[in-house]
Amino acid sequence: MCIGPAPTPETEEELPPSPQHVLTEKDHQRLRFQRNIGVSAHIDSGKTTLTERILYYTGRISQIHEVRGRDAVGAKMDSMDLEREKGITIQSAATFCDWETTDVATGNKQNYAINIIDTPGHVDFTIEVERALRVLDGAILVLCAVAGVQSQTTTVDRQMRRYGVPRISFINKMDRPGANPWRIVNQIRSKLRIPAAAVQVPIGIEDEFKGVVDLVHWRSIYNEGQKGNEVVISQEIPESVMELAKAKRNELVEQLAEVDEEIGELFLNDELPNNDQIAAAIRRSTIALKFSPVFLGSAIKNTAVQPMLDGVCAYLPNPAESEVLAHDTSLPSSAPQVQLTPAADAPLVGLAFKLEEGRFGQLTYMRVYQGTLKKGNQIYNARTGKKVKVPRLVRMHSNEMEDIESIGPGEICAIFGVECSSGDTFTDGSTSFSMTNMYVPEPVISLSIKPKGIETPNFSRALNRFQKEDPTFKVHIDHESKETIISGMGELHLEIYVERMRREYNTDCVTGKPRVAFRETITQRADFAYTHKKQTGGAGQYAKVVGYIEPMEPDPETGKDVAFESVVMGGNIPTNFIPAIEKGFYEALEKGALSGNAIFGCRFVLKDGAFHAVDSSELAFRLATIGAFREAFKMAKGVILEPIMNVEVVAPVEFQSQVIGGLNTRRGTIVDSEVRDDEFTAAAEVALNDMFGYSNQLRGSTQGKGEFSMEYKHHMPVLPNLQKDLEEAYRRTLVVKK
């Protein structure tokens, strides 16, 4: 699905065939003061702490609790015991709150309803971030004032672009020694390649950080009171920052002039825009994904969080301003997508974006895009065609809930008692719309798992539930070793599930050594003409398939890189056998001939064939296809691929040579390095196969002061010597089996 600006149709005829439901004045009134936002960042940028402050200042919680459970309570948004203990957010919790803003010009107060989704910052939980961004209209990108743009920040940035999510940036931890917001603003421009400018200037820095100067409305904002509850606004700008504030306001106008026509014209005519014109330009260019306003603050010191909340209301879009497209499944797949309208009286369209096993059965988080969802309604699952009743409708606050009777378009809610999978679309049955499925990355690591002692029903129950909740967590049985294999996005990802099994299902497990998910692919086109014949008395088997296989690039939208095409003309192969041929192709992809790993990046084109009136069957064509594929694969110059990871290491400067040396010994390619006052960051691309045991080595070589994060980048062909070793090892296993 594409959430974000779609290309503007040139003419009336090109408009997508959309049932044009017009938004009424009542719809506009309701939507104008509504925001669906996410909080995304690199791990440890202070994302959960910031969300905790937002909930406190909006009156949603009465006390502030810190992350890592220092006060034995833990942050509100981290509702799993495991999250509180490790101090990381694993699941995105969805929360609803209210925020009152004051119009600077008129002094009028206005109440906004905000849905916040707190997303995990750890790369192993990327799917949670993808799901959250998919249902948002805007996001807050949190950056650390010292570390700045880190590896996961660029991942989140890429995901925001994929789903077209406008963002405001918040530079947190302004109280930390070494905080330098201007370096971070430059990093946002250079590393994330989005025009950005600060809309605030700090009053004092590091432990002197007291407040901010609002560059748009030209005033000073301070926080007072023990928890920063009181916001004190002064029209006086402190003398110490006056020059800097003037320079940064000019910089803001210059940046806006490049992305906004109105400001650009004023700029060319040497006219200065007024405060309202600047604010309107920031809103326009942020929603158009051309600009990101940068706010500064310190969540842990309760400073400048409220002005950032005002920024959410002022600059991020409401549900009527973000474009949502759906597929009409009654039309051919090449038909243009249909635009949905957040009108309350339009036919219902909603997306289940997250599942949880609650105390009262399955809890399904849903965003309603169009129409109204009422308790007791009958709704249809677009994927399965099943009709279900909504027995209970709730609004979530992390893991507490309030019952509601109905929910309108543009809102996020949770429903009980509805069986479905993550990414399912629900309608009222009058339309055939489907929000296309989310982009799900392939797993890169797997390990065998078995329960200690006797296997209980809880073991399979847990695995089933985790697979339903998380599409990147896969389970299969290895046919040869009969072991249960779990696969995921990283060691921590799998570790968390093994740990959840112990806590939530009382099942202790033994795990095997982690294994890398190698793949196979082809590098050139190969033709095939294969006949499968078997005569065993009675009806035999006969099928002939002719065509070719060729390399295929992944689809940028869906990530799909295997495809089956049939261009058979005439009746050489009856159409009822084509699905069997397709099935045979997908079966052949499961195990490559080189190393026994799955095959990717391949298109199978069926051109011709032959059949026998008596001896041809679905089985015969399936077996013919498998045989044809294996024969063609030998001529298509197959190679083994391995996952390459983006690795980012942060360590004190004195260990720079040891860290670089350690990455070089693991065949890493250093792609970037940056030295700050007393620490440095190295970014490298390293094969996952060479990364085992790296955390211990890094701890040893940096006296425990270094830390690293890694994230899957892509698969690349292995070195010839490794390919030879893998092929030999696979051949040996085949000999043993014989």
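Here the Cβ of each residue, glycine as well, is placed from N, Cα and C on the backbone.
Since this is a predicted model, take the numbers as computed values, not measurements.
Residues or ranges marked as GTP binding site by Swiss-Prot: 41-48, 118-122, 172-175. Same-chain residues at least 6 positions away in sequence with a Cβ under 8 Å from that of Met174 (GTP binding site) are, in sequence order, Ala145, Pro181, Pro202, Ile205, Glu206, Phe209, Leu296, Gly297, Ser298, Thr303, Ala304.
Per-residue pLDDT, averaged across the domain 'tr-type G' (32-320), gives 83. As annotated by Swiss-Prot, domain 'tr-type G' applies to 32-320.
Per Swiss-Prot, region 'Disordered' is recorded for 1-20.
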Asp44 (GTP binding site) CB neighbourhood, other CB atoms within 10 A:
20
